[in-house]
Structures are given as C-alpha cells and as structure tokens.
Amino acid sequence: MSIRIHPSILSCDFSRLSEELDAISAADMAHVDVMDNHFVPNLTFGPPVVERIREVSPIPIDAHLMIEQADRHAPVYADMGCASVSFHAEASAAPVRLAREIRALGAKASLAIRPATPIEPYIDLLAEFDQILIMTVEPGFGGQSFLDVCLPKVTRTRQAIDDAGLEVQLQVDGGVSATTVARAVAAGANVLVAGSAVYSAEDRTAAIEELRELAHDAQR
Ligand SMILES: O=C(CO)[C@@H](O)[C@H](O)COP(=O)(O)O
Ligand SMILES: [Fe+2]
C-alpha cells in the first residue's frame, strides 16, 4: 500500500501555527492530536481550533481524537471537514455505528487502539473502517520512545487486512523516526505519524522526505 507521511503538529511551535502548517506541505496530511485531559493526562484543543486549522491550511487533516465519549464528539470533526477521523476503541461504546456516521459525513473512519488493546476483537469489523491506528507509545505526549512490543500487533493487523482483501490503511503513531520507521513499515504499516522527528528538524521538508525514502526502502 502507498506510503503516507503525516507529521503530528503536537511538536510544533503553536505560537506560529500557520507557518508550522506551511512547513509540512510535503506531507500527505497533518496529524492533529485532540486530547481532553480525561482519556489521556494532557490537554490540547478542541473543535474551534481544529476548524480554524482546516480553514487556514490546504493540507488535509488527520484528526486523532484522544477523548472520552467518542460516540458523542467524533462526528463534529467529520462534519467540519477533517479528511480522516481516528477515534479510540477504548472510548467508543458503538464503534461500528460511529464509523458509519463518520463516513456518512464524508470523512475516512479510523479506529485507534492503545498499546495494551488487542486487535483481535476488531478483526471481523475491519471492513467498517478506512484505517486502523496502532499506537506505538502510550497516548498523551510527543517525544516518547517507540514501543517495539507493539510490532507483532501491526503484523497481525496487516495480515488480517490482506487476508480479507481490504484497502484499509494501517497507521502507526508514536516514536516514529529515521531509526524506527523501517521496523514499522516492515511490520506492515503504511501511514507513518511523526511529531518530534519532523518538527525538531531544521528542514521539515527534508525530514519528511527522509522518512518517506526509508519507508519505501523498507517496503521493497
Ligand atoms: O498521539 C500522539 C501522542 O499521544 C502522537 O501523535 C504524538 O504526537 C507523536 O509524537 P512523536 O512520538 O512522533 O514525537
Ligand atoms: Fe496522534
């Protein structure tokens, strides 16, 4: 499947948000982490800020919702025009109904799972989603180390997607860098989120292209 690079703006300079979005124009989407201080012990922003990001930047938004009561709040992000909406399986009472609602609003529906959440309960539901997001850190903060222990789950998920003949994207998020991206792709991921690896680089375009190149090499 095609390699996609989604920088996470969690590591950007929020006082210069507009320029920081312009700096990742080489990427496929901007990964926007919404945190509510309940699902994770950190707080970022909500619908008004995400909507403004969408208005000022042409880059499609990949919203990653780390919030409780996803069934109630996630459709708002699809309705405002986010290209993709990831909600957490652990925060949704009815993930199939929610995915259908997100799709009906014109966005891609993505199911996210924390490191300790197994993929197995969702294997028969894969066709309901456009993407599975496997966290490779405990959600909540940027700049953490990549959890290699999550890689067997990435491999099992890719196998299940391929066995079912589906076009479901497989995203990994957390600790993705030039040193870890090849392992994530070799395990089966094709959508790579990278926050600190992109935004700590002087040249963001070069950092994005390096990740893309390393990912392509790992896929061959
Ligand atoms: O969702 C999250 C963290 O909860 C991520 O999107 C991080 O923002 C990725 O940052 P790095 O680990 O790449 O620095
Ligand atoms: Fe994220």
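Every residue number used here counts from 1 along the chain in the order it is shown.
Glycine residues also receive a Cβ, built from the backbone N, Cα and C atoms like all the rest.
There are 25 other CB atoms within 10 A of the CB of Asp33 (active site, proton acceptor), with all protein chains counted. Positions annotated as active site, proton acceptor by TrEMBL: Asp33.
Counting every protein chain shown, the number of other Cβ atoms lying within 10 Å of the Cβ of Asp173 (active site, proton donor) is 26. For Asp173, the entry in TrEMBL reads active site, proton donor.
Counting every protein chain shown, the number of other Cβ atoms lying within 10 Å of the Cβ of Ser8 (substrate binding site) is 24. Per TrEMBL, the feature substrate binding site maps to Ser8, His64, Gly140, Phe141, Gly142, Gly143, Asp173, Gly174, Gly175, Gly195, Ser196.
Following the DSSP three-state reduction, the secondary structure of His64 (divalent metal cation binding site) is strand. The Cβ of His64 (divalent metal cation binding site) has 28 other Cβ atoms within 10 Å, all protein chains considered. Annotated divalent metal cation binding site per TrEMBL: His31, Asp33, His64, Asp173, in sequence order.
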Additional residues surrounding substrate, by Cβ distance to the Ser8, His64, Gly140, Phe141, Gly142, Gly143, Asp173, Gly174, Gly175, Gly195, Ser196 centre under 8 Å: Leu10, Ser11, Asp33, Val137, Pro139, Gln144, Val193
Neighbour-count leader, CB within 10 A, binding-site residues: His31, Gly140, Gly142, Gly175: His31
Surrounding CB atoms that lie within 10 Å of the CB of Ser196 (substrate binding site), all protein chains: 18
Proximal residue to Gly140 (substrate binding site) among recorded positions Asp33, His64, Asp173 (C-alpha distance): Asp33
